[in-house]
Amino acid sequence: MIAPAFKSHKILIILLIVFGIIYGLISLVNHYNFRTYALDLGLVNQAVYDYAHFRVNYSTLLLDAAPMNFLGSHFALLPILFSPLYWFLGSYTLLIVQIAAVLFGGVGVYVFCRHRSSHPTIPLFITAQFYSMWGIYSALAFDYHDNVVGAMFLPWFLHYFNQKKYLVATVFYGLLVISKENMALWGIFIAVACLGKYFSDKSARKVAITLAIITTFYFIVVTSVIMPELNTTHHQFAQLIRYQHLGNSIGSIVQYILQHPQVIFSHIFLNTTGNPEFNNIKVELYGMILLSGGISLLFRPWYLFLLLPVFAQKLLTHDFTLWGINYQYSIEFAPVLALATFEASTRFKPVIQKRFLLLFLLLTLAATSVTLVKRKSKWFIKPLVQFQRPMHYRSLFNRKKLHSILRLIPDGVPLSASSCLTPRLVEREKLYHFPIIRDAEYIALVKTTKEGTYPLSPEAYSDKITQLRQNPDFKIIYEDEQAILFKKKHP
């Protein structure tokens, strides 16, 4: 028994190395090639830099609001914990943390399954499936997001909760909840799901009820009191703007849905924008879920219950970018589908179980491989995610020359910059996302319109540069074929 277990651990280490390299080739190469952006890596990097220097951060990179406390835009506490790493890892800190978190989440999946299976190869199938999930690749391809890190604590929480090690379980649960304000809402559903699954166990029931009550209170206070107070717009839970067609608060949204249940069907299955260009995005999402073990949710419905707030967040909005499989909006599916697939497989005899798990491992690999090449979801930017192609490793810039330009900008001075430059320029109190200029002393811009000009169109971006050339308040202190640096004139 010891020999198979030892071999299993060796294979796990191989999986960690292989997928760690793949994840690094996606995320770190993007940053190296200037394919990370103000929203969200620049935004959180600026906060981490301030936290590392024991300062409260006021986000200046937001486009739709005046500078505000970082926690007023997203109540994410994990960057505070990670901030000391900035002294060693610099602008790569959060990307490395995110990769490490995903690998750690996979180990959690392995541990969860290993303690519930007598066959050492079975946990490896599930772990490999988890590491192959499309949601992970989409998330790692686009900057850093706190919910990616938070979701990786779920397998560990469920494992220790099942083991009745409630103190350790609560630590992982707490890390998940504080990772982002909307993760607290997910935490409520996780606690209620545990209440249902372990209802016959008095101690588990007591812990689950306590977690649900405390997290509900936390979510209400954070979204209704703390964030509006810190937010310069004083809006209640600003993310609700995506759902304003249903109501202006969580309570009014729930009330509207209860009074008009037919809206659930239309939002779950239909393109609610009226634009045929966005047809079948939701079909693609459901297809990916089914291919990745979604059928298992029917055999273990408490996992389906876990995903209710995730589906609601993705599908009840008219924002089509949330519907599909791009970006970080599908990361929660990865641990849930992996664990649900494993638990559903325990219904079968060992031989059938292995075939069942191998089937969904292969289907998940196939689904992810296909969507690395082509997908229906809009704003699929191939160079960000296609680590298997040479174009992923090519930058639009001469990196050495671009870095030399950035070194001309003094630390600490107010600066406005192109989105792709901001994650490296956070060593200042005031860093603005161009075209926001405000009191910037320097403006650093890339000339190409191929590397993202958000929120401007390529044409408007070029026009803004032309206007700056003619602006008597600024002078050009450096220019080459790929970038231009302006400095404010002083009398």
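In case you wondered, yes, glycine gets a Cβ from its N, Cα and C as well.
What TrEMBL records for this protein:
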- 12-32: transmembrane segment (TRANSMEM)
- 85-112: transmembrane segment (TRANSMEM)
- 124-142: transmembrane segment (TRANSMEM)
- 183-200: transmembrane segment (TRANSMEM)
- 207-227: transmembrane segment (TRANSMEM)
- 285-308: transmembrane segment (TRANSMEM)
- 356-373: transmembrane segment (TRANSMEM)
Distant-in-sequence neighbours of the transmembrane segment (285-308), which means Cβ under 8 A and at least six residues beyond its ends: 129, 133-134, 186, 189-190, 192-193, 196-197, 314, 323-325, 330, 332-333, 336-341, 343-345, 347, 360, 363-364, 366-367, 371, 377
Among the ranges 85-112, 183-200, 207-227, 356-373, the one whose Cβ pairs under 8 Å to the transmembrane segment (124-142) are most numerous: 356-373
Chain residues outside the transmembrane segment (356-373) and at least six past its termini with a C-beta under 8 angstroms from it: 122, 125-126, 128-129, 132-134, 137, 287-288, 291-293, 296, 325, 341-342, 344-345, 348, 385-386, 388
